[in-house]
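Positions annotated as domain 'Glucose-6-phosphate isomerase prokaryote' by TrEMBL: 31-180.
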Ligand SMILES: [Fe+2]
């Protein structure tokens, strides 16, 4: 008997583009990110509908034991001197982790535990990032081209954006042509 082969979804590693599979897509614009960037004046000065990032994910089940697979494409740019970044989140199910893979562009992955301690990992084509449970995560594009990263996370993880009312403890800015991580003074 000749076996039949199932055609799986395909990802073009160089661009992060999926093909041949039903996708869920979501774009996040400047107007969707109030209170995220430090320089409110600079944020207001940008076009409200300017896309900061878009996510494409394979339409899959959120059931226990299943995985979501998606790519974030984060545009280059700055609000004032602060690099474009994703909103960032804890998972609603805090113990659930996630894996990111850098595909193109250059940037940083900002990780923060529940004690508010933050750290930065470099993101580049081929980088692998094991995000443990109980860890908030945000992508930051410090380069001149689109930063694309593949992510795989449990279907039950969910998102909790409200858990970071003070935001992250680090901001990544450009100062005198250098990429700098600056501690945020909260409270
Ligand atoms: Fe996540």
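Positions of Cβ are set from backbone N, Cα and C atoms, glycine also.
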- [ ] Express the predicted model's confidence over the domain 'Glucose-6-phosphate isomerase prokaryote' (31-180) as a mean pLDDT, rounded to an integer.
- [x] 96
Task: Secondary structure composition of the domain 'Glucose-6-phosphate isomerase prokaryote' (31-180) [DSSP: H/G/I, E/B, coil] - done: 8 helix, 72 strand, 70 coil
